[in-house]
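Noted in Swiss-Prot for the protein shown:
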SIGNAL    1-27  signal peptide
DOMAIN    28-69  domain 'Chitin-binding type-1 1'
MOD_RES   Q28  pyrrolidone carboxylic acid
BINDING   37-39, 89-100, 141-142  substrate binding site
DISULFID  C39-C51  disulfide bond
DISULFID  C62-C67  disulfide bond
DOMAIN    70-112  domain 'Chitin-binding type-1 2'
DISULFID  C73-C88  disulfide bond
DISULFID  C87-C101  disulfide bond
DISULFID  C105-C110  disulfide bond
DOMAIN    113-155  domain 'Chitin-binding type-1 3'
DISULFID  C116-C131  disulfide bond
DISULFID  C125-C137  disulfide bond
DISULFID  C148-C153  disulfide bond
DOMAIN    156-198  domain 'Chitin-binding type-1 4'
DISULFID  C159-C174  disulfide bond
DISULFID  C168-C180  disulfide bond
DISULFID  C173-C187  disulfide bond
DISULFID  C191-C196  disulfide bond
Amino acid sequence: MRKMMSTMALTLGAAVFLAFAAATAQAQRCGEQGSNMECPNNLCCSQYGYCGMGGDYCGKGCQNGACWTSKRCGSQAGGATCPNNHCCSQYGHCGFGAEYCGAGCQGGPCRADIKCGSQSGGKLCPNNLCCSQWGFCGLGSEFCGGGCQSGACSTDKPCGKDAGGRVCTNNYCCSKWGSCGIGPGYCGAGCQSGGCDAVFAGAITANSTLLAE
């Protein structure tokens, strides 16, 4: 009996630790706002100190990780490739959008390389990349935002309690209305999961309640 109680205690302790770790990962702070910590898996640290992917994290103000504007690549960098399948522009910089993935693109999901969607007979993108409204594969708001046809689209995915507890891809926020996206309307008050501004406290409370039951 004593051995069984000991095993149960160890199991409960492990569950509490894993719940704590999961909650911490969801609300990962980084950069100046997070004791200069770097994000896991080379995720971008936004100017506000949160980890994630997409323009709000990897664009202007990005502090570390796979920032779009800080990585050199291509012939200007000894043939180096961009992280996270970003495009390498003709000038040797990593990023997304026409200036990176368009004319002269040296590597990554260049527009001339990977086509998809209704423009290509319904073809899907590899690795769950987003298929933009124009029929090209990639990541970021230009591909995963309005008009996204397939893949990890950010704005048309149901999530949260009304979608069976589903979470958003790429650490996008699940708004209080149950849709995936980035910005105050998604990550602010009522945010259910993802990179929410205040997800840590809510996640700990929810996990503690679950364990207590």
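Quick reminder: no glycine exception, Cβ is built from N, Cα and C everywhere.
C67 (disulfide bond) sits 8 Å from G95 (substrate binding site), taking the Cα positions as reference. In this structure, the recorded positions under consideration are Q28, S89, and the one with the smallest number of other Cβ atoms within 10 Å of its Cβ is Q28.
Put simply, C131 is the one of the recorded positions G92, C105, C125, C131, C196 whose Cα lies nearest to the Cα of C153 (disulfide bond). Of the candidate recorded positions, C62, G92, A98, the one lying closest to C137 (disulfide bond) when CA atoms are compared is A98.
Secondary structure of the domain 'Chitin-binding type-1 1' (28-69) per DSSP (helix as H, G, I; strand as E, B; remaining residues coil): 10 helix, 9 strand, 23 coil. Taking Cα separation as the measure, C87 (disulfide bond) is nearest to G95 of the binding-site residues M37, G95, A98.
Distance noted between the C-alpha atoms of G95 (substrate binding site) and C88 (disulfide bond) is 7 Å. Predicted-model confidence for the domain 'Chitin-binding type-1 2' (70-112) is 80, expressed as mean pLDDT. Fewest Cβ neighbours within 10 Å among the recorded positions C73, A98, C148: this applies to A98.
Distance noted between the C-alpha atoms of C88 (disulfide bond) and C105 (disulfide bond) is 6 Å.
Counting other C-beta atoms within 10 Å of each candidate's C-beta, the recorded positions M37, C51, C131, C153 are led by C131. In the set M37, S89, A98, none of the binding-site residues has a C-alpha within 10 Å of the C-alpha of C168 (disulfide bond).
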